[in-house]
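**Student:** Before I ask anything, here is the structure I am working with.
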Amino acid sequence: MNILPKKSWHVRNKDNVARVRRDEARAREEEKERERRVLLAQQEARTEFLRKKARHQNWLPALEAAEAGAPGSSGPVDLFRELLEEGKAVTKGNKEYEEEKRQEKERQEKALGILTYLGQSAAEAQTQPPWYQLPPRQGGPASGPGPDERIKSRLDPLREMQKHLGKKRKHSGDSGGHSTKEKAAPEKQRPKGPPSLEQLRADRLRREAAERARAEALLARVGGTAAPEEQPEEVDERRRRYNSQFNPQLARRPRRQDPPVAP
């Protein structure tokens with residue numbers, strides 16, 4: 001703290017120490033004044049309360065004596081009796097008009113749902129029953145679906161599924177119709193009447209030629225003079241030989257899998 005003792009902002013400076021002491025003394029005085037005011041306010045409030053209590057206690061005997069001395073006064077004291085007696089001479093309005101006005105106001109409040117009696121439901125408070133309590137109209141024109149129902153039907157996923165199923169059934173029906181037509185076509189081409197002699201003779205000659213060619217091929221194969229049969233080119237990629245650029249005859253051929261025999 002001995003660093004720069006000549007500065008005005010130094011903590012241990014005489015002027016600063018005196019200023020702090022003055023501030024502390026002023027704060028103590030303000031706190032004492034605040035406490036004195038609080039005590040004075042509490043004292044005044046207590047004094048006022050006791051005065052009112054004493055005044056009320058002094059009024060009770062005088063009021064009881066006045067009630068006992070008043071002739072024919074057995075009920076409570078009415079302070080506004082004179083004003084009521086003076087107001088008897090005042091002319092009153094039309095009772096019928098006031099009643100009609102009150103009924104009109106009550107009817108409007110009931111229509112708006114503002115006025116309801118105890119134990120009365122919301123449906124009873126309305127002048128017209130709600131739509132769900134109205135009976136269905138018999139023989140009238142059927143009203144179309146509302147906007148909410150149309151939106152619900154359009155967004156219904158079940159309706160979308162049924163539409164796609166209908167398209168699928170229609171497509172399968174069309175394909176089935178084509179197949180039945182194709183199957184029925186040969187039946188239409190079949191002659192209805194018995195074959196003629198020329199047709200029978202042509203069929204017989206065709207069969208004999210086929211048998212003769214088969215027999216000649218068998219004899220040529222047995223005698224060794226048959227020409228080598230050309231093997232048909234395999235079209236299925238899974239049954240063809242593996243590709244070999246230099247020795248295609250040595251390429252391994254995949255094993256042929258026969259289809260399973262049905263029992």
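Just so you know, glycine gets a Cβ as well, placed from its N, Cα and C.
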**Student:** Look up coiled coil in Swiss-Prot and report which of 16-46, 47-77 it refers to.
**Tutor:** 16-46
**Student:** Which is it, of 89-116, 229-256, that Swiss-Prot names as coiled coil?
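**Tutor:** Within the set 89-116, 229-256, Swiss-Prot attaches coiled coil to 89-116.
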**Student:** The coiled coil (89-116): mean pLDDT?
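**Tutor:** Averaged over the coiled coil (89-116), the predicted model reaches a pLDDT of 78.
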**Student:** Other than its close neighbours in sequence, what residues sit by the compositional bias 'Basic and acidic residues' (200-215), given a CB gap under 8 Å and a spacing of at least six beyond its ends?
**Tutor:** none
